[in-house]
Every structure is written in structure tokens, then in C-alpha cells.
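Quick notes on the structure that follows.
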Amino acid sequence: MQRAAKCALRLDLSRAFCLSRSGTVVVMQKSLPPPRDEEEKAMLDSMLRVDHAGEYGANRIYAGQMAVLSRTRTGPLIQYMWDQEKMHLEKFNEILGEHRVRPTLLLPLWNIAGFALGMILTRIACLLAFEGTMSCTVAVEESISEHYNSQIQTLMEAEPERYTELLQVIKEFCDDEKKNRDTGLEHDAESVPGYLLLKTVIQVDCKAAIYILQRI
Amino acid sequence: LCCGYWDMAALIRGLRAGRVLRGLGSVAVQTLSPQGSNVRRAFHRTILLQLVNDSKSDTSVPPPSYHEVHTAGESSSSSAHGESSEDAQPNTSFQDQSGEHGEDYETEEQLQARILTTALEFVPQHGWTVEAIAAGAETLGLSSASTGMFNNGAGDLVLHFVTQCNAQLAETLAEQNNQVQLGQAESKKTAEFMRDAVEMRLRMLIPYIDTWPQAMSILLLPHNIPGSLKHLSTMVDDIWYYAGDRSTDVNWYTRRAALTGIYNTTELVMVQDSSPDFEETWAFLDNRIKDVVNMANTAKEVQATGESVVQGLMGAAITLKNITGMNQRR
């Protein structure tokens, strides 16, 4: 009985999220200023490449999670978060195309790795405690928020006026990710035993991925 | 070699500056003729000073001849001398080297580019060699020893030519793109666009086609490979960008790899093609592009078939699970 009530509450919450979410408007304008020298172009290129690959990976992680959780009560919520990530990926695809940024060579690898990561970690979390199915989501969202934060810092330190549109995009995405993380935390993601271990594993993975992506 | 280069560049600057000042000097002397030959001698000395100053300015050591002339100097002209030396001094400041000072001075890169562009006219005669560069320098009125400026010799000439061609190609493609965006021209299909772009780029080689094999071998030298690869990849990226490719996945790489292959093989066919107006080359190019388009279509079909097969298998598995009762939810 209690379970049914909780289930109903969660579905209500997810519906509320769907209704109140603000869509990202796809604006066809240049989000970046034309680079003034090779160095700036290289820095922006690697930043955008990492972001694009990150959103692509997040997409695949959510796909992996959905493969496990699609028929559970957290399914609709994860579907909603996945749709948001899809929007982010679309935006980055646009920016990459406009500014002739090379996508990373490792995308096929990311495809498989992300899906596997999402699926395996969610299965483990499910086995340990059904409540903790959002733990993978929370850990991933936290790493991504950290990464976006550091990028915002870099851009602000360099020249905030020059990169206003890009900063806007990154800040918006960062806020979205933080919201998703908070949602996950509300769903008792931290109740999984070994959550800290899970979180550390994912954070190390993300850092290694970012390091490689900046180069390849 | 490095020191020789600096002296040569400085001497060239000195010569040009000297020519300018000589012009100035002759005008000034006419107005000052009542004062007699002293002033004229002072001006001549200034010009010599300018030349020497220029050649020494890079080493930033005050030229000894400055003092020599000063001490040897004639009393009546020493003041004018001092003034004109003072005037000469700012011209020999470090602003020279950055090329920002006045319209008479150009940067080293601009000078090198001018020499190499002129040298291209002598390539049919001398081949892609340092002799062509020397001939080009002599046409500009510079000493043939200015080839010392080019550390890479013939490699510099070939890379300069490639850069020039690629820039021209990018300009033309951007122009065509503008026209399409303004609605003044029809947009071409991808295969046709590729064909036209590659043909346009390869036609730029026609004036040098006899010596092009030599240039290709120069580009394959180990120390030239990074440069030539970079130019090739930029050119291929340009062509695909203006063809409308905005892919952000593995297609980005496969398309550029395919075009690189097409371009390189067509170039090889072109250098040993003896048909009128290289008809065989363009026919070869047509066939290669058709091949790539076919391959892309086949890949799409294979992927679609693969997906259907996987779906079919999944359906079969689920049916089996249903039959055996394994699919029931708790």
C-alpha cells in the first residue's frame, strides 16, 4: 500500500517536471566569436569536442539505464532526463557543425562504453537496493556539472564578454544537470550501499575520459 | 646560416631605405644648395650611416662608423650631421623588424611570399629547386643569395604554392556558397560539387604539370610531411564544409578519408595523363566519386538490413520467452 502511494507520488512528480520544463530554443545564430588566432581556436575546439562527446556519452548512459529500468517506476523520470540530454546533444551538434570543430575519433567507443556503463551500474544498483536505481544518474550528473563549472570558470577568467553566448549555453546545461542530480537525490539515490564507491568510480572515469577527449 | 639571413634581410632593408633617403636627399639638397657642398656631403654621409645602421640594427649594437664619422667630422656640417643622424636613428629602431613602421617596410613573411610567388614563374625552367627561388629573387632586384632566407629550400616553394592554391580554392568555394545563399545560383548535388571542386583544384596544377612529380616527391620528404598533410586535410575539410557536411560523428572522418583518397589518386593519374585537356583524368575522377557514392549507399542499405535482422531476432527471442513463460513479471 505504501509502495503504491510512493509510486503514485513519483509519477506525479515526473509529470509535474514534464509540464514545467522549459524547452531549449534552437537558435540558428553563431554561438561563438570567430577565433582570432590558432591558440584560441585550439582551446575552443577541444572544449567543444569534450562537451559534445560528454553529451553523447550521457545519452548512451541513459539509454543503458533505460534498458534496465524502462518498466520500473523510475522509468518515466529517466526518460524525461534522457530527452533533456538529447536536446543538449542536438545543440552541441549544431555548434560543432557551424564552427567546423572536429568531433572526437572515439565516438564509436563512447557509444558502446556509455551504454555498457549505464546498464551495468544500474543493474548493480538494482541488485543492491531497488531504491538506489538513481545512484548512477546522480554520480554521472555530478561529474558533468563539475566539468561544466570548470569550463565556465576558464571562460570567465579568459574573457567573459567575448564568449557570452557560449557561456549562456553552458550555464543553462549546467543548471539542467544540477536539477537532474537533485531529482535523483530526492529519489534516495544515496541509500545504495557502496554509493561512495560508485561515485568515485564514475568520477575517475569521467576525468580520464575528459583528458583523452581533449587530445583525440 | 641564421646570421647570414639576418644580415641579408637587413641589407635589403638598408638598400630600400637608402633608395628612399637618396630620393629625399636629392630634393633637400636642391633647396639647400646655397649652403654649399658641406650639407650635401653630410646628407650622403647620413645615407651611408642609414645603411650601416640598418645592417647593425638587428644586433642592436651602436655602429662604430657612427663614431668614426662623428670624430672625423667637419665642424660646419657636424651640427647638421648630428641632427640628421638623430633623425636617422628612429628609423633603425626595432620597429623595423615587426614591419609596423610605415608603408615602405614589409614583414619578412610578406617578403618571402613575394619572392616565392615570383619564383613560381621560373619553375617550368628550373624545376622546384633553389635556382628557381634565386631567379625569382633576382627578378625582384634582390641578390640571389637571399635564398638563404629559406631554410627548407625547394620545400618552401612547393608548400607556398600549395598554400596559394588552397586559398584560391577556398575563396572560390566561399564565393559560390555566397551566391547560392543569396539565391543567385542553384545549389549542386554533393557528387557534382565534389567533382567540380576537385577538378578546379587540380586544374591549378596544369601550368606546372611537367614538374609536378618532382614537387610531389618533395612533399613526401619526412620533414615536409607534417606541413603537406596539414594542407591536404585543411583543403579536404574546406571542400566538405562548403559541400554542406555538418556531420558530428564517425561520418566526419570517413567522408574526409574518402575525399583524400579520391584526390590523391586523381592527382597521380593526372601527372601521367597525356590526353587532350586531361579528359582521362576527369573520367577517372567521375568514376571514383561514383564508387564512393555507391559505397555510401551500400553501407546505408547494409545498416538498415542489419537493424531489421536484429529486430527480427529480438522478436523471436521474446516470442520464445513468452512461450516458455519466462517473461512474466512478478
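In case you wondered, yes, glycine gets a Cβ from its N, Cα and C as well.
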>> Can you find which of A:E55, A:E142, A:E146 TrEMBL lists as binding Fe cation 1 at the same site as A:E85, A:H88, A:E177?
In response: A:E55
> TrEMBL has A:E85, A:E177 down as binding Fe cation 2; which of A:E39, A:E40, A:E141 does it also list for that site?
Replying inline: A:E141
> Whole-number Å distance between the CA of A:E85 (Fe cation 1 binding site) and the CA of A:E141 (Fe cation 2 binding site)?
Replying inline: 11
>> Roughly how many Å lie between the Cα atoms of A:E55 (Fe cation 1 binding site) and A:E141 (Fe cation 2 binding site), rounded to a whole value?
In response: 11
> Other than its own, how many Cβ atoms are within 10 Å of the Cβ belonging to A:E177 (Fe cation 1 binding site)?
Replying inline: 25
> Quick one: Cα separation, A:E141 (Fe cation 2 binding site) versus A:E177 (Fe cation 1 binding site), in Å?
Replying inline: 6
> Where among the binding-site residues A:E55, A:E85, A:E141 do you find the Cβ with the fewest other Cβ atoms within 10 Å?
Replying inline: A:E55
> Among all the protein chains here, how many other CB atoms are within 10 A of the CB of A:H88 (Fe cation 1 binding site)?
Replying inline: 23
> Which are the residues of the chain, A:E85, A:E141, A:E177 excluded, whose CB is within 8 A of where the CB atoms of the Fe cation 2 site average out, their centroid?
Replying inline: A:A58, A:M81, A:Q84, A:H88, A:T137, A:V140, A:I144, A:S145, A:F173, A:D176, A:N180, A:R181
